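J.: Quick one: the structure is below, questions incoming.
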Amino acid sequence: MYDWLNALPKAELHLHLEGSLEPELLFALAERNGIALPWPDVDSLRSAYAFNNLQEFLDLYYRGADVLRTEQDFYDLTWAYLQKCKAQNVIHTEPFFDPQTHTDRGIPFEVVLTGISQALKDGRERLGISSGLILSFLRHLSEEEAQKTLDQALVYRNAFIAVGLDSSEKGHPPSKFQRVFDRARAEGFLTVAHAGEEGPPAYIWEALDLLKVSRIDHGVRAAEDPRLLDRLIEEQIPLTVCPLSNVKLCVFEDMSRHNILELLEMGVKVTVNSDDPAYFGGYVTENFAALHESLGMSQDQARRLAQNSLDARLV
Ligand code: HPA
Ligand code: ZN
């Protein structure tokens, strides 16, 4: 039905690998690892995917990630995501992973990274999908914990292209991580950060001015600040927007209220991404399709959004 959207070559620039863990794989990994789950079956887990805000989602997302234990688990997770990319003509992807979600449970950093990196390598060689991995710090944890994670990452510095910032936004401004990001940049990493999803436009200013990010993840609340919009347009700073996520987490009341096409027409470099597709109801094509159905996105707009994603690649 959406062959024309599937056929567009696109890049995905905002995808949490842990958020691509489909309920079926979650149950299979629980079984493989001998983990008891609080849900009797896949359907009851799926029916728990109703959220009033970011935190309600995160609580379930971290709970789900607990089934990921071995290098093979991280490989299988990443490989399943890459198969979706192949099916939807996502020719390049820059996924996030959250090492602290795993190291805090006693899973070695190396186990996580090796599984993911091997799958990304196979994706390049066997599926023709280029990629660059982004290490994301959990902003609800301390600066010191982020510094320790950066120390671990530096041992494998060639495995990443950038560092990012995710998890609970409100009360955890980008400024909290200025020194971590300074060090990451000094070590040669590019930077990105979630900002302006639930947090105010001031967090977007901080991400730009203090963390010196190459892109803003989400950023839809920039619309509340005309001076910020001018800057985003002037400097052509990409926003990695995630429409289905924004509706699922009540950032917008309904898809018909989403502002992505208004931002596009103002000249903001917006892109379409899936964020946590297993939890929010779809991958990149489903996000494009929702914009077509609810906002009347035209073929020309879809082409410009897809081109923006290719232009906004870090590598
Ligand atoms: N926002 C913040 N943190 C996250 C998200 C998100 O949309 N998805 C996974 N971690
Ligand atoms: Zn995200």
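Note: Cβ is positioned from N, Cα and C throughout, glycine not excepted.
Quantities reported herein were computed from a predicted structural model and do not represent experimental measurements.
Copying in the features that TrEMBL gives for the protein in this structure:
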- 9-311: domain 'Adenosine deaminase' (DOMAIN)
- H14, H16, H194, D275: Zn(2+) binding site (BINDING)
- E197: active site, proton donor (ACT_SITE)
- H218: site 'Important for catalytic activity' (SITE)
- D276: substrate binding site (BINDING)
J.: Round to a whole number and give the Cα-to-Cα distance in Å for the pair the residue listed as 'active site, proton donor' and H218 (site 'Important for catalytic activity').
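T.: Rounded to the nearest whole number, the Cα-Cα distance is 5 Å.
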J.: Ranking the binding-site residues D275, D276 by other Cβ atoms within 10 Å, which is at the bottom?
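T.: Each of the binding-site residues D275, D276 was scored by Cβ atoms within 10 Å; lowest is D276.
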J.: Distance check, please: Cα of H14 (Zn(2+) binding site) against Cα of the residue listed as 'substrate binding site', rounded to an integer number of angstrom.
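T.: Between the alpha carbons of H14 (Zn(2+) binding site) and the residue listed as 'substrate binding site' there are 9 Å.
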J.: At the Cα level, what's the spacing in Å between H218 (site 'Important for catalytic activity') and H194 (Zn(2+) binding site), rounded?
T.: 6
J.: Using a Cβ cut-off under 8 Å and a sequence separation of 6 or more, which residues in the same chain sit near H16 (Zn(2+) binding site)?
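T.: The list for H16 (Zn(2+) binding site) reads Y61, P95, F96, F97, D98, S136, D166, D275, D276, given in order along the sequence.
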J.: By the DSSP assignment reduced to helix, strand and coil, which category contains H194 (Zn(2+) binding site)?
T.: strand
J.: Let me know the model's mean pLDDT on the domain 'Adenosine deaminase' (9-311).
T.: 98
J.: What are the non-local neighbours of H194 (Zn(2+) binding site), defined as same-chain residues 6+ apart in sequence with CB under 8 A from its CB?
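T.: Those within reach of H194 (Zn(2+) binding site), by Cβ under 8 Å and sequence separation of 6 or more, are R139, G164, L165, D166, E169, D217, H218.
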